[in-house]
Amino acid sequence: MEIYLAFIFYILGIIIADQGFIPFRLFLYLALLFMLLYLVLPRERKSLAVLLVAFMLLGGVNLNLHVSPGFREGEYRGICRVVEGSTVKNDKNSFKVVDLKTKETYLVREKEMVLRLPGDILKITGSFLKPVPPQNPGEFNYPSYLRRQGIYGVLNVQTAEKIGDNFSFLRPFAAVKNFLKEKLNTYSPETAALLKGLYLGDDEEISPEVYDSFAKTGVVHILSVSGLHLGLVAGAIYFLGKGLRLSRQWQNLFTIIFCFFYTALTGFNPATVRAFLMLVFLVGAFFLGRDYQPVYHLFLSAFFYLLIKPQELFSAGFLLSYLATLGIFLIGLPLAEKLKLYLPSYLADTIGVTVGAQILTEPIVFYHYSLFATLSIIANLLVVPLTGIIMASGIFGLFLSPLRHLTELLTVFTLNMNSQMALIPGATIAVKKPFFTLIFLFYCWLFLGYFWLVKKEKIDIVKFCVIAFLILGIFLVPKEHGKTVFLAVGQGDAAVIHTLRGRTIVVDTGPKNENYDAGRKVLAYLRQSGTGVIDLLVLTHPHNDHYGGAETLIQSATVKAVLISPYLGEDQEYLELLNLLRLRKIKIYYAKTSAVISLDDVSLRILGPERIYSGTRSDPNNNSVVLAGKIGRKTYFFGADIEREAEEDLENQLLAYYEVVKIPHHGSNFFSESFMEKLKFGYGVISVGQNNLYGFPGDKLLAALKGKGKLWRTDLEGALVVENY
């Protein structure tokens, strides 16, 4: 049990170091953990606590050696060596370099599509970009991710001249990888994107829609190279050796060698490295004449990996791969053996493995993705074997035309089948992002339960539960109040109203273009808050920066009803969106002045459009749906994009004071001075994009609002969360 406890405390040290300090709650948490440890361990083993503290310190120190303290700013001129080759995404070439003088690692971005290979020596001029911190609740923390990767700056290249090259072990593998990518490009774009992910871990070209559908069905792990794919390679090499009647020693040796080269071919993709380490421990036990103990060697593998790369603890991939494997060993395989009494072996194995992996990984899936895939077992039964066939036929299809056609057909069939499963009602359940403490306790309970029930260790389970619930009480303070969130979605509007009883109203969805979909930001926020149903979607008017993300929400969440302006305009994409609503049989309501939206503690009156505006500076803007009223105990005014003409018609309907106002039209200068003079508020929200082309918010508007209340700009301060009680 000592190795397991040492591993847990090493992890705890990494977590504490990542915080940068020990706040009171965390200190209290640690004190309770040591109390728990003291109570549950037998008397003769209490001295173990001292050793465990040492492992905790080791974890903290090791992490600090691997992360960057911050990011460089300003101009850059220097000579660098490429350590990780080119990746192309959104028409930009990115790669990692190490400055030969400072030894610092930078992430480099350049517009030129020049292939950069590991070992290239480049003379670079450019400027450092400031990584954008998360702007919305629960959003991915990009600066934190870069810091954990040991990156000291994001470098935007002006010039990059190759002046030489050094030997790099990865260089020939990178060249082979790029050769294979060129060959795979002879397939259709959809098939090529899938095969690059399956073979090489290059998933940049897989569309967000495909990713989303695979996430909904619980088989997203298939889309990029992982332990599953290395396992297929290892199995193929092993059985090839068996067919050639090689001894078991030679079979194992060739399997390790080929798998190592495959791991290098993926650029030592973290998921492949983890799987390779597990394989090494398995084969190593055989060569040393030791019994292979799956759980013990899995922990050793994870411990060894985190000693080398402690920052990987915060990678969802690391947690999911090891926990899935642990779940298979502890739960999946025993369950499969029992199921074989009633089911065929393949079916029993698939169900057992999937259930075992899911039980241990679901808390992490909930934390990172806020989704529960109800069809995961069925999807794995269907998609995994098809993927194996696609991998086999895809390689040989490069040389044999019949297999090329088979690969194309199977890819289309698999993607379409999975997409249809994802559309089944109830295929995905949105789960509120759990507290980290609750997840930690879940695994502690499983850990101690395993040793208590299986290993028959002496653990005072009653004392453990008492202290566990004390910890739970400290960290789990229930949120009872509704809230309104004005999301940062770039140059556009999106707000989410959570009622006191857990229902949801979304007002606008932000913009969508070729490289950006604000609907995904709104969806990510909804999922992490446990919201899978939108009771009412309000699309204030037919401009893309307000309705653009709606299609994503309609396809990925359950939308019960939509409220729109009676003015439809001539925007073809907007009219197509309305057709999609009708096709999905979603109720469409047209805004009528003086009507009231009444839902739980929400009471919003429709103020506009008072009439159908025509011949104004912007008819779509002036015909926006305008809402005002109470949400909980606070008064709100949602001004959409109305301008001078509509504002003048509404100014006599304004309340004397609103606690929260969504400033009309992103703070443009096309406003009515008398309207702005009457508009009084505590918080004024200006939803606007950074460095936008329109110069919003306008200086004239800002001057008119000066001294009225606190202004909150989403471009500068991110999302605004308003508690309504």
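Even glycines carry a Cβ here, placed using N, Cα and C.
TrEMBL tags one of the stretches 252-269, 288-305 as transmembrane segment, and that stretch is 252-269. In this chain, the transmembrane segment (48-67) does not touch the transmembrane segment (372-400); fewer than three CB pairs sit within less than 8 A of each other, excluding pairs fewer than 6 residues apart. Counting same-chain residues at least six beyond the ends of the transmembrane segment (218-240), those with a Cβ under 8 angstroms from any Cβ of the stretch are 194, 197-201, 203, 206, 210-211, 251-252, 254-255, 258-259, 262-263, 266, 269, 271-272, 274-276, 278-279, 317, 320-321, 325, 358, 373, 375-376, 379-380, 383-384, 387-388, 391, 418.
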